[in-house]
Amino acid sequence: VKLAASIAMNPHYHPYSDLSSPHSPSPDNNSYPQLTSHHNGHGNSMVGSMDGQQGFHQINNNGGPINVCGGCRGKIIDRYFLHALDRYWHNSCLKCSCCGAILVELDSKCYTRSGMVLCKSDYSRLFGNSGACSACHQAIPANEFVMRTTSHTTINNNLNNTNNNNQNGTTNINNNNNSQTIPQHHVFHIKCFSCSKCGSQLIQGDRYYMLSGSLVCESDWQKIVKTTTTNPTNPPLRKGKVGRPRRSRD
């Protein structure tokens, strides 16, 4: 697969902000598929329709009605529980779909995308930390020329016992192991668009590989292939060819 970047003024390319503009607010980006979430066979509302940053708060159930947990589907008999995503949760059941962290222990906010409930760290890692270079993690000023590419990340959805349904092919579901492959967009300062192994600058026309989210030049990739004792394509891998830089947008 060839990946290329272009000057934003070129009318034959989509605007940068349509894909992964470093100045588009990450929590409000709804470009990913909306997936219906099912918990242990029980259908629920569209998690995808609420994609982005979501707040939640704790409730003191002092003699109130007994609610059903949106995670385990069990009755909530605890005095304190959570209200999030239009559902009620045991404190320990509202977890990040990637790392399994109990979200109430981290923050009073969570993030949703592609039918997943995520902590801030995994949301930024998977869907791009808006405004930051994927290599140096420093802010990218508006209208600066940048390089962009895409890799794919596979996550295991068993942490939340949630089965997601593929709707439009953008997100792939492996029903055998309940794993999900999602695109992860990367944006770089031009000076940071370099091989993670040898540090050489990748320029237009160079071939490179995205290996587990890191840039690898073709020369170092061949060394990896020769020295590795396992299949080098096991990690998330994307092959590309460097195109022209394009300008970021406000």
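Note: Cβ is positioned from N, Cα and C throughout, glycine not excepted.
What TrEMBL lists as compositional bias 'Low complexity' is 17-33. Annotated region 'Disordered' per TrEMBL: 17-54, 227-250, in sequence order. The compositional bias 'Polar residues' annotation in TrEMBL covers 34-54. Taken from TrEMBL, the feature domain 'LIM zinc-binding' applies to 67-129, 131-227. Taken from TrEMBL, the feature compositional bias 'Basic residues' applies to 238-250.
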DSSP-derived helix, strand and coil totals, residue by residue, for the domain 'LIM zinc-binding' (67-129): 11 helix, 23 strand, 29 coil
Confidence summary (mean pLDDT) of the domain 'LIM zinc-binding' (131-227): 74
